[in-house]
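Here is what Swiss-Prot says about this protein:
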type: ACT_SITE; residues: 250; note: active site
type: ACT_SITE; residues: 272; note: active site
type: ACT_SITE; residues: 333; note: active site
type: CARBOHYD; residues: 234; note: O-linked glycosylation site
type: MOD_RES; residues: 26; note: pyrrolidone carboxylic acid
type: SIGNAL; residues: 1-25; note: signal peptide
């Protein structure tokens, strides 16, 4: 009996250790060990990467976790694990989490990468998550930083999340994030890709301006018949200047909620795809160094509600406004903006028009004439409970409406104070009487758990986001220089010039 008790005394710690060890995960310290471990890891497994620089890491994860038992691959000490050189990550399994990695000092083969291809991190499987990672001026190869990409047999990843990541000083072409459900734009009128149901939240974007249509912060889908159903919320775009489109939303039924756009030289665009929602976003320009933007809207059946616009300068090339409503032909490449709700928004001291009802109209007329399409101006607009206010000596009236479009639309419960309206519509000048209107007929977006009617009826809530509210939990200071200075460092500026020159030559 004494022998058995003694044996049990030895075995018990060993059994405890065996049971606890899987919870602690495996710690890897080389590329080769990382590759081997991810081939063997099971659902619920944890792979921790030791501090260090992992040059030329080619991490391809094909194993899958399960609902409630994801496979997690993370930095042992977030911020002290660097993926550099000819790096790439492919998440081909499902229920995978990548956490706490810093992507920097890359040198991928320029010829091997291209815009609209897989990203530096390419997500091929569903239910995957990228969290608390940093992407800072990675290299000179044109690609997105993160993509959801179709598999070789055309399967579309769904229900993925990108959160609490920082994307700074990107000097290459293509968007920062591309969410794809087709391989290319489908323009024959047929239904595009299936719904994606992704979420991008609590991320930070700040990237320098590039020539042409070079790739903004986020693209969702390719064309108007794709179904997005993605939620983009609680992100901070601070000098996200890559191109004229901060976000290019090219699919249906996406929701943009609670984001902050600070000093961005572009607009948040409903570019293709009807029935999209923008609620409680903040569009702010607080200096006069550049022209800053709000929203540019194409398409129909949108909801634009409870957004706050305060722009110290506006974008001359687009028509100097906070909200642009596109004229043109219905359901075309430059689709007419019509049949939508614009409610409970605040336009405060916009150094431009609050709403431009016919931006770029001459260009749109030329396009319609060349393609034998009917040119129309925005109509069937329901403008309810909006506040227009100026107490600064800006020269613009509230509205730019060269065709008196406003007369074709519905105006209810709006208040305008401070300057001329610019159009002969009945809007109250009694600010004390202002209150948000109640909304009750907006249908929810499938797969997005937001009560749209309740959110809109509250009016604008909260305040603009700050760096501390979106940053990776382990990162105290903003990477790079562009966010705070609107300039790249000298060495990054030189690399940027080389990228632009190379792109022109090819």
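The backbone N, Cα and C atoms fix where each Cβ goes, glycine too.
Structural mapping of features recorded in Swiss-Prot.
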residue: 26; record: pyrrolidone carboxylic acid; contacts (Cβ under 8 Å, 6+ apart): 37, 41, 45, 46, 47, 48
residue: 234; record: O-linked glycosylation site; contacts (Cβ under 8 Å, 6+ apart): 201, 202, 257, 258, 259, 465, 469, 470
residue: 250; record: active site; contacts (Cβ under 8 Å, 6+ apart): 185, 219, 220, 221, 222, 223, 224, 226, 271, 272, 273
residue: 333; record: active site; contacts (Cβ under 8 Å, 6+ apart): 367
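The DSSP secondary structure for residue 333 (active site) is coil. The DSSP secondary structure for residue 26 (pyrrolidone carboxylic acid) is strand. Here the Cβ of residue 272 (active site) has 27 other Cβ atoms within 10 Å, regardless of which shown protein chain they belong to. Residue 272 (active site) falls within a strand when secondary structure is assigned with DSSP.
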